[in-house]
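Here is what TrEMBL records for this protein:
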- A:60-108: domain 'NADH-Ubiquinone oxidoreductase (complex I) chain 5 N-terminal' (DOMAIN)
- A:124-398: domain 'NADH:quinone oxidoreductase/Mrp antiporter transmembrane' (DOMAIN)
- A:609-674: domain 'MrpA C-terminal/MbhD' (DOMAIN)
- A:683-769: domain 'MrpA C-terminal/MbhE' (DOMAIN)
- A:787-910: domain 'Na+/H+ antiporter MnhB subunit-related protein' (DOMAIN)
- A:78-98: transmembrane segment (TRANSMEM)
- A:107-123: transmembrane segment (TRANSMEM)
- A:129-150: transmembrane segment (TRANSMEM)
- A:162-183: transmembrane segment (TRANSMEM)
- A:203-228: transmembrane segment (TRANSMEM)
- A:240-261: transmembrane segment (TRANSMEM)
- A:267-289: transmembrane segment (TRANSMEM)
- A:296-314: transmembrane segment (TRANSMEM)
- A:365-384: transmembrane segment (TRANSMEM)
- A:494-519: transmembrane segment (TRANSMEM)
- A:602-619: transmembrane segment (TRANSMEM)
- A:786-807: transmembrane segment (TRANSMEM)
Amino acid sequence: MTLALIPLLPLLGALIPSLFRSRNLNALSAGAIAGISMLLLLLQAPAVFNGEMPLASWSWIPAIGLNFAFRVSGFGFMFAFLILGIGLLIVLYARFYISADDPMGRFYSYLLLFMGSMLGIVLSENIMLLMMFWELTSISSFLLIGFWSYRTDAREGARQALVITGGGGLAMIAGFLLLGHIVGSFELTTILAAKEIIHAHHLYPITLILILLGAFTKSAQFPFQFWLPHAMAAPTPVSAYLHSATMVKAGVFLLALLFPVLSGSSLWFYIVTPVGLITFMFAAYMAMFKDDLKGLLAYSTVSHLGLITLLLGLGSPLAAFTAVFHILNHATFKAGLFMLAGIIDHETGTRDMKRLSGLWKYMPITGTLTMIGSASMAGVPLFNGFLSKEMFLAETLEPNLFGAFSWIVPLGATLAAIFAVAYSIRMVHDVFFKEPFTNLPKKPHEPPHGMRLPAEILMTLCVLVGLFPMTLAAPMVNMAAGSILGAATPDYHIAIWHGLNMALAMSVIALAGGAVFYLQRLRLFDSHRWCMRYCDGKATFEALIRGLVQGGRTLTGLMENGSLQRYIALLVGAVFVLGASPFFGSSVPFIGPLAMSSVDPVTLIMGLVLIVCTVATVVNHRNRILSIIMLGSVGLIVSLSFIRFSAPDLALTQISVEVVTIILLMMALHLLPRTTPVESSSVRRGRDIGLSVLAGGGAAALMLAVLSRPYDTIAGYFLENSKPGGGGTNVVNVILVDFRGFDTLGEITVLVIAGLVIYAMLHNFELTAPGIDALGRPWVQDRFPMILAQITRPLMPLALLFAAYIFLRGHNEPGGGFIAGLIVASVLILQYISSGIVWTRPRLTVDNHIIMAWGLVIAVLTGVGSWVIGYPFLTTSFTYLTWPLVGKFEVASAIAFDLGVFLAVVGSVMLILVKLGSMNSKDAEIVSASVQKAKEKKEGAH
Amino acid sequence: MIVVEILVSFFLIIGAFFALAGSIGLFRLQDFFTRLHGPTKATTLGVGSMAIASAIYFSFLKEGLSLHEVLITLFLFITAPVSAHFLAKAARHQRLHEDKDHPET
């Protein structure tokens, strides 16, 4: 359990920092949560360092192979350690960085959410679970990048990051599903053991490409690199976190994780190596020309990610080992450098290197730290970056699949290393030296110590690891690489001095070349500006998105032009085509073998009346009142036919729905003219008649085809299990509240939402009913006739009693919460109609939306209640009680669920009808004014 | 038992007669207000008699005392006059009684 808590704690505790007002408490609570997670992780350390892999697994949705399973592999441990360690430093740093104007609690909430999702990725055992966390990082990084949501660049950057990484995520889901399909399991342990099966499978190439797409987009590899620099609109702590240890490393994490099974083919090499090499060079080149400190670091990050990808692409065990080591080193110096860039920005008011200069006099400590970081980034000896870069350069010299062109790799690597040295020098020299600054927004000074402390810790680590690699870094790297490579782990001795060899020569060339490059930078800037006019990733992206939106609009305009007739015609036409298509070209006889049953006169007459009423509705549709009456008759005959075929529940429901619908229609149509002119052209009417005849005839034919065949329905199962399984003899009701309870829950949720939406739509909607009827006569003055009002009032308790009766018998005989709800709603509406809102509203003290909400709450709680007693969600349990006088009777938890249904129905129906009926009425204004007054009086009394 | 059956038949026939009479009246009578008599007879006397027949039948020949029908009758007797009253009220408002030229409206 403690294992699963490592990622879950930050996720579940994400809201906690938002609960406090004090900024210190915000940071403290976030730090505490991350700290506990860290402790839990360290508890796993002894086992992991022993070479074990702790596993914790719970079955979640076994039907799709999704398990709630976590593991701590050596590599996962290293990553989790980085995420939490740097995360803790970021928490401290952000406390000083985020200004008092920004909502700090929210920032920490997003940060924890992100931290938890990242931990989930690196600790998941099930790749479907991993995918969920993967998507969560896309969403939470969107929130983090767009934290300053009032800024256009932040919003654009966040959207771009989401689109690119989210799109890659989609490809990856497909890749994972294929991988699971090939292996037959989504468990990593099984997958990692199935290298031969995967490589031999014919779906291997497409699987590989899809997964690589996901990893490359996340890790900002060429050609998806452009989102990362634009994500720099985020607050600096976010950049420091996302772009050093976490978000973008998720891509290379995944590459390394699946390295044992996916690598080793030529396809892997030919995709991953060039992408890594191009990214490495291109981004290093771009970084040189960025004036923005964070922009420089962003491209440098992309470049280093390219380096790691390149290493993984080379495919040798030592290359993978080096990749792991470089992940660790890069996270350390890059997080620190981002923090330092943030400090410079914070204390001077700008991060533009054209304006910054000569800060050494004012910020010597920050300057020293920046120098350490830059030296590490450039690969200067005695710093940690040097070690892994040296190993990398040595690795590029190995012969590879490019054959005669193998020299491309070391050449490209050296070039990129030259650029890296140049931009590192620029970062230090431009900012801290050169001539004294002239126009800075603020007078620079050293930051508060708490803000500098995280960077100090990280830079100290850079130096110490650089000096004593075997003591400090080797155990962790060996363990992490060991968990990826298994028996193939190279026994490598990390050392500063490997003797005079080719790699050292390349390092020296890089250092010297970088220095020369930096000195010649002005000339380079000119050529770069010319080049950049033609290739800007962001402009291409924006143009692409604009095109997509335009295309979407055109398509929507074609389909959805505001004509309801067209929507329905398209819909019905599509249904007809889809329904009819299987019958064309099929040799199976249309009508099945069952003989027709004889026609009895009652059914025949009912059918004929139904047809007459339907046709009459259509013919009279321009006279609205008449067509409503016809429609009502249709509904009543349908409910009679339900009775004819022994479905009393349906008949009861149909009748009550009919009543409510007619009232609704009357109210709505009251606001419209009573007759409508002929608007459609004759062609269109012809089309509509044709379509409806086709669709209606098609439905009838389909019925004929189905009913004339012997078939076995699931009805038998329900009939058999209704009493023993659900404890009720009314099968319809047991299906609603038990067998298909989850569906019902969904349905009442939809009902409630629909009620709210209609309410919101009608609110402040100006539409006044005409004051006269079609013949110019005014409405009658006596709006609430005495006889009606006096009769409906005593009717109310009777109807409520009837509803209670219908509700209580529902589980065993026709009835139930839905019907009872409709009966109550109609009798309450009757009061409104007969006595008016002024009389009725003050007497119904509970608000309809509250009734509705309680209905939903009760229904959900009933479902949750089953969990408490150890059953799946919404399982009905029932028992028999014996009371004196009443006798033995059954109590089922389903009745509580049914109560929820009942309340939701009453609330939403009332909400809609009362709102519709009181639209723009003067009475409603009087009522709301008096309610307001009563409220004020009450408050005054307190 | 035969007495019960005779009773049931009697009420059924009475009910059917009034339903038929009401329907014919609705169809045949001259103007709106006289026509209004038809359906009210059908709902009160017609359906009422049938409800009594049903109550007798189920009480004596089936599972035991059946009082649903009393409720049905009660609801009918409460609601039928109200709807008739409404129809008449609407007709008066629309001045149908003054419109001698078009009695069919």
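Placement of Cβ uses the backbone N, Cα and C atoms for every residue, glycine included.
Within its own chain, the transmembrane segment (A:494-519) is flanked in space by residues 288, 325, 378-382, 386-387, 389-391, 393-394, 397, 410, 413-414, 417-422, 424-426, 429, 466-467, 469-470, 473-474, 477, which lie at least six positions past its ends and keep a Cβ under 8 Å from the stretch. Residues 652, 815-817, 819-821, 823-824, 827-828, 830-831, 834-835, 898-899, 902 of the same chain lie 6 or more positions beyond the ends of the transmembrane segment (A:786-807) yet place their CB under 8 Å from a CB of it. Beyond its flanks by at least six residues, the transmembrane segment (A:78-98) meets 6, 23-24, 26-27, 30-31, 34-35, 37-38, 41, 72, 104, 107-108, 111, 115, 118-119, 122-123, 235-237, 240-241, 244-246, 249, 253, 324, 327-328, 331, 335, 339, 342, 346, 447-448, 450-451, 453-455, 457-458, 476-477, 479-480 of its own chain at Cβ-Cβ distances under 8 Å.
Through the fold, the transmembrane segment (A:602-619) approaches residues 627, 630-631, 633-634, 637-638, 640-641, 644 of its own chain, all at least 6 residues removed from its boundaries and within a Cβ separation under 8 Å. Summarised as a single figure, the pLDDT of the domain 'MrpA C-terminal/MbhE' (A:683-769) averages 85. Tertiary neighbourhood of the transmembrane segment (A:107-123): same-chain residues 3, 6-18, 26-27, 29-30, 33-34, 37, 70-72, 75-76, 79-80, 83-84, 87, 90-91, 94, 98, 129-130, 132-134, 136-137, 140-141, 143-144, 147, 235, 237-238, 241-242, 246-247, 250, 253-254, selected by CB-CB distance under 8 Å and a gap of 6+ residues from either end.
Helix, strand and coil content of the domain 'MrpA C-terminal/MbhE' (A:683-769), in residues and according to DSSP, is 68 helix, 0 strand, 19 coil. The DSSP breakdown of the domain 'MrpA C-terminal/MbhD' (A:609-674) into helical (H, G, I), extended (E, B) and coil residues amounts to 55 helix, 1 strand, 10 coil.
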